[in-house]
Structure formats: C-alpha cells, structure tokens
Amino acid sequence: IYSIDEDEKLTPSLEIILPRDLADGFVNNKRESYRFKFQRIFDQNEKQETIFENIAKPVAESVLAGYNGTIFAYGQTGSGKTFTITGGAERYSDRGIIPRTLSYIFEQLQKDSSKIYTTHISYLEIYNECGYDLLDPRHEASSLEDLPKVTVLEDPDQNIHLKNLSLHQATTEEEALNLLFLGDTNRMIAETPMNQASTRSHCIFTIHLSSKEPGSATVRQAKLHLVDLAGSERVAKTGVGGQLLTEAKYINLSLHYLEQVIIALSEKHRSHIPYRNSMMTSVLRDSLGGNCMTTMIATLSLEKRNIDESISTCRFAQRVALIKNEAVLNEEIDPRLMIIRLQKEIQELKDELAIVTGEQRTEALTEAELLQLEERITSFLEDQHPESKLEVGADMRKIHHCFHYLKKLLNDKNIHGTSIASSEIKDHNSQEPLKEEEYKKLRDILQQRDNEINILVTMLKKEKKKAQDALHFSSMDRSELRRSQSSPFPPGNPEGPRMLPPSAPTQALDSSTSQYRSSVLHGKTGQ
C-alpha cells in the first residue's frame, strides 16, 4: 500500500499506492499513487525514543533557550496520536513525548545552576467546543456540566488569556508527571468502532518555563504546547450515533476550522485569519503563524480501508508546512522590579510637587525616620564609590536634619583630632611662603654686611695712603705697617670679603668685621 523513499541527498518521501478496481467494460483513470515529501518519515517499527530524539528534543532545547514551542499530532481516529504524545501504559519504554520532554527539561535544569528557573504546568481539554481544566480537583466529585468552563479572553495587544485555567508549579519531574497522570485520568475517553479507548476531546498540555539570572532584571519566559488532537472520523463509515455522533460532529468541526486557518495562513495575500471560529484555533494562535517554533506530527493508519483518510492527512500536513512562523526570544523586565521602580518614581514626583507648590510639612520627624536618615548618611560616607548618592527625597525636614547631622559629625572629628591628615596638608602648603620670607630676610642682612664692608674698605684705603706718605720713618715701623696692611686682605683679591657666599652665617660676617677694625687700630698704633 505504501513505500518510503529515504535518500540522504533528497527529502524523504512517502508514496501511497492506490490499486485500481478493474471492472469489466469500464475505464478507470484514477491515480494509482500519491507522493508526499516530509522532513522525516518514521515507519511502524520505530521506537518512542527515536521519535523523541528527532521531534521533541530540538523543540525542548529551544524552549530552554527562551523560545515558544508547539508539537501537535494530527490524524484519524486510532492512528496513534495519543500513543505518540502521551505514550502507552504497558511498558516504560512506551513513554510518549510529554513524559520524555518533562524528564529532559528537568534534567537540563538541574545541570544549569547559573539561572533561577520556575516551571508551571497547565492541562486544558476542549470537549464539544467547551474548555475544561483537567487539573481541577473537583473533576472527581462533580459532573462535567457542573465544572467551571475555561473561557478565552483577548487583551488590546491581541494576546490570549484563559480564564479558569489553573497553573500548577512543578519543582521536580515527579510532581510534573503526577500532574500529567491526574489530567489523563480526567480526560473524556469513549469506545468507538475505530478505537477501543478513543479520546473524544482535544488536549493541550502546556509547560511554562521562566528563567532569570541572579541580580538581573530581565526574565525569559517560554511555553511549550504539547497538543493531542482528537481524531477525525467519517461518520458514514463508523456509523456512530447518540453522544458519540455529537462528539464526532464537534471534533470534525473544530478540525475543519483548524484547516481553514492553515489554508488562510498559507495564502500570501490573505488579510483576515479566522482564528476566532473555534476555541482551539484561538488558544493555538501563537503556534499557528505567530511567535512559536511549531512541529506537526501526522499519524497515518495505512490500511486499505483507511487509505482515503491517510491521503487527506498527508495533504493537510503539506499545507501546514507552508506556514511561516517568526519565533523571537521572549525577554521582558521583571514586573516586580518594575513596580518598585515606578513606586519610587511616584514618590519622587510627589516630593517635587510638594516643593513646587510650597506645601510645608510642620510635623516633626519620628524617631524611626531620624534613625533611618542617620543610617543612610553613615553608609553614604563609608561608600567609596564616586557615583554614590544620598537619597533623602525632597522633604525639607529631612534635608535640614541631614545637614545638622553632617555638621555634628564634622565638629566631633575636629574635637577628637581625627583630621590630622588635613592639617598636615595645610602645614605643607604654608611652608613655601615661610621659606621665601627667610630668604628675603637673609638677603637684607647680607646686603647690610656688604655695605659695612665697603665702608671699611674705603677707610683702609685712606689709611694705606697715609702709610705710604710715612715711608721715611723707620724700617721697623714700615714692616709693622706692611704686616698690618697684608693681614686683612691678601694681595690680588682686595675685595675678598665681598665674595662671601650668600649662605655664610651671620657670625662669620661679624667676626671678619671686628678683625678689620682691630687691624685698623693696630695700624694706627704702629704709626
């Protein structure tokens, strides 16, 4: 009936062979074979593990990275949708995509300790175009009609919100699997001619994953829809009636609306997409042509009697493959941090308004407020960061108190001598002018001494002239006079005392002066 052509170079293709019914005397020109191309084709003998590795694992990795993901199974009744999505109950190896995905996600979360992850789970059932929460604990005690219905709400940004659908936090894999088993127990299952335990409703198992790095205000939020659609069936072929007929009617109608949405999305110049026709297309709005990475699994029951349904399923899958989704990274600012920031901004604006309008606050600050202000000032003074700020608001009472407290701290530091470093800096700066004054004073003294020496030199010259006039006196007196003249100044440097260095001490200058005076007196005595 079918053949699979899997070439490494070419896209895998499935060929469905339709043998002709040759009747005598009639010409039959019906097509004998239908060929459909898929990204991957799994034969009847493939294991569940292979299905998960090829289909669900890439989607789960993208969800961990912050992108939305959807996996939905489509096919006729009894073709294996629920077995693929949820799994079989007989063997552990028959686990489906949902339990394997949960195991994989929680395994990855335990490995990655760099982020804080939170996981929530919801389980929605759409039965006869009405939504029900499969995780509602009232399922066991109440009939389906008494349970609150899940309704679809839409905000101005065309985002879908589901009222009466509960979100349950799951911290471990065990908790998540318990929620899955609870929801599966509450599903609508009935026996039909096509399937002994046929699911009569569409079920959407959603994993909400949010991740945040410690200290960061950005939160990544992603969701993974795992959808088990109810099987389409031809009522004329199955011959069902009563409640099963009503269920089949709603199932086929919702699948028809799903196909309408997919056809509209695949057409390029279509302005309106009929999402609101059914509840299922409204819920899966992001998954179909929106912000999501969507994978579709088409299940076929390749028997001779079901060959028409298999061909229509393949055609439906080809239309789905034409849809283009635009998945983006779901990052947003943490709403709690945003609320705190906005509250702070509101308070600052109120304070500014109070200052502008001149509204004075006369009541005194409480002890708790004063203590809080002093703690803020202390931490501000201890903070070495150049951009640190002292946040006290626009309340003038608090501002005045801050100045008084700072003045008090400054006075205390001066009293206890804690400002030694600042005084040393002042002393160091004041040393320069003092040195200049000393230099000036020494220069004045030196100038005065030079003047005195000049006067003495002129006096000595006069005495020398008188001594030359008295050469006719006795030789002893002449030698004494020559000795007295040569003792104050050596020959060749008559102005030697002038060349004293400026750094010579004052006592040296005084002693030389007294020496000159004594030599003059000695000369007079000798004469």
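Each Cβ is built from the backbone N, Cα and C atoms, and glycine gets one as well.
The ATP binding site feature in TrEMBL is assigned to G75, Q76, T77, G78, S79, G80, K81, T82. The compositional bias 'Pro residues' annotation in TrEMBL covers 488-504. For 505-518, the entry in TrEMBL reads compositional bias 'Polar residues'. The annotation domain 'Kinesin motor' is assigned in TrEMBL to 1-323. Per TrEMBL, the feature region 'Disordered' maps to 468-527.
Take the CB of Q76 (ATP binding site) and look out to 10 A: across all protein chains shown you find 22 other CB atoms. Taking the binding-site residues G75, G78, G80 in turn and counting surrounding C-beta atoms within 10 angstroms, the largest count is reached at G75. The average pLDDT computed over the domain 'Kinesin motor' (1-323) stands at 85. Using a 10 Å Cβ-Cβ cutoff, T82 (ATP binding site) registers 25 neighbours.
For K81 (ATP binding site), the same-chain residues that are 6 or more apart in sequence and have a Cβ closer than 8 Å to its Cβ are A73, Y74, G75, T199, D228, L229, G231, I297, T299.
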